[in-house]
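Input: a single structure, listed below in structure tokens.
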Amino acid sequence: MTSPALKDPAKTRVIVGMSGGVDSSVSALLLIEQGYQVEGLFMKNWEEDDGTEYCTAREDLADAQAVCDRIGIKLHTANFAAEYWDNVFEHFLEEYKAGRTPNPDILCNREIKFKAFLDYALSLGADLIATGHYVRRRDTGDLTELLKGLDPNKDQSYFLHAVGGKEIARTLFPVGELEKPEVRAIAEKHGLATAKKKDSTGICFIGERRFSDFLKQYLPAQPGDIETTEGEVIGRHHGLMYHTIGQRQGLGIGGLKDAGDEPWYVLHKDLTRNVLVVGQGNEHPWLFSRALLASEIFWVNPIDLSSPRQLTAKVRYRQSDQQCTLELTETGYRAVFDEPQRAVTPGQSVVFYDGEVCLGGGVIEAAEPWSPRA
């Protein structure tokens, strides 16, 4: 099977996902320079119901339109809010309800950007889509591999690990070969409206709101006790869903007799008792794990796990690669690390690599302590 990306650019119609940011803007520009037939598409994935537009959708659409006008391409718009609600947001709420800490960006990429958007673009007659993600692709025979972006500070393969090779084969990543300062310089040189626009941060549908204020609109909080590892009650929490492993801020613990000056950290969430377990010190033994169990595994392309494999992994975005052994056991996928891993968090994603190739990953189900707990 010949990859669609290998066709003559002049005969290849590419629709770029235009977010209103600098990365997608430059992606569209680069594709034009490479000779592709380029159009843009702006996705609206969230319906604001209070008029304040936390997602800045109106401003982002205006920026996307300004860029498309500048470089002379058509901009389509599409509303995927229903798909986002059904396939991303409801799962996000279910995970928080279960006391886990999900990552909606990963689901959004799989279900919206590389499914709903891809299908819609193909229905418009596109041969390929393109996005502003900092990743690369490599065609090897019948397979298309997902590679890390060349800029280690911006590599986004962690967020794309659940996108299949067939979808990657239909996608171009023009800025994956560049570093961020180069991208901004290109945008500035060509007078693009997004050249100096700040990168978006956080979850789109929450925007600048406090996370706890947003979450309590949808989920009832269940207050409970805060305990030390010895079982001493030292405070109250407003709901386990507001806390994550390794968290330091917002615990409301202070001025305890004989407690010392070291800050308190979330060590464990006891879902059965609705108790938040905390301890003092950034290096508290309970913060470290030697292994994890993962579920909901997605591989970019099929891999052979008939015997354990030496790989690297990330348990959070921008973490350096961690050496591990991945094996398929009777209870599921288990990754054993060479070094202790801090704040391994159920609900977050673990992503596996073989060198620069992103193999895929899954959701962290549980972490195994580095040292025995009393």
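Any Cβ shown, glycine's included, is placed from N, Cα and C.
Under the three-state DSSP scheme, C108 (active site, nucleophile) falls in the helix class. C108 (active site, nucleophile) has a Cβ environment of 26 other Cβ atoms inside 10 Å. If you look up Swiss-Prot, you'll see C108 marked as active site, nucleophile, on the strength of sequence analysis.
The active site, cysteine persulfide intermediate annotation in Swiss-Prot covers C204.
Contacts of D23 (ATP binding site) defined by a Cβ separation under 8 A and a same-chain sequence distance of 6+ are given as G132, H133, Y134, V175, V183, in order along the sequence. Per Swiss-Prot, the feature ATP binding site maps to G17, M18, S19, G20, G21, V22, D23, S24, M43, G132; the stated evidence is sequence analysis.
Annotation comment: Swiss-Prot describes C108-C204 as disulfide bond, evidence class sequence analysis.
In the shown protein chains, 27 other C-beta atoms lie within 10 A of the C-beta of H133 (site 'Interaction with tRNA'). Taken from Swiss-Prot, the feature site 'Interaction with tRNA' applies to H133 (among others).
Positions annotated as site 'Interaction with tRNA' by Swiss-Prot, on the basis of sequence analysis: Q348 (among others). Long-range C-beta contacts of Q348 (site 'Interaction with tRNA'), restricted to its own chain and to partners at least six residues apart, with a cutoff below 8 Å, comprise T101, P102, N103, V315, R316, V363, I364. In three-state terms derived from DSSP, Q348 (site 'Interaction with tRNA') belongs to neither a helical nor a strand segment and is classed as coil.
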With an 8 Å cut-off on Cβ-Cβ distance and a minimum sequence separation of at least 6, pull the same-chain contacts of S19 (ATP binding site), or say none.
-> F42, M43, D60, A64, G132, S200
Fewest-neighbour residue among binding-site residues, criterion Cβ within 10 Å, set G17, G21 | G21
Maximum Cα-Cα separation in Å among residues G17, M18, S19, G20, G21, V22, D23, S24, M43, G132, which the record lists as binding ATP = 16
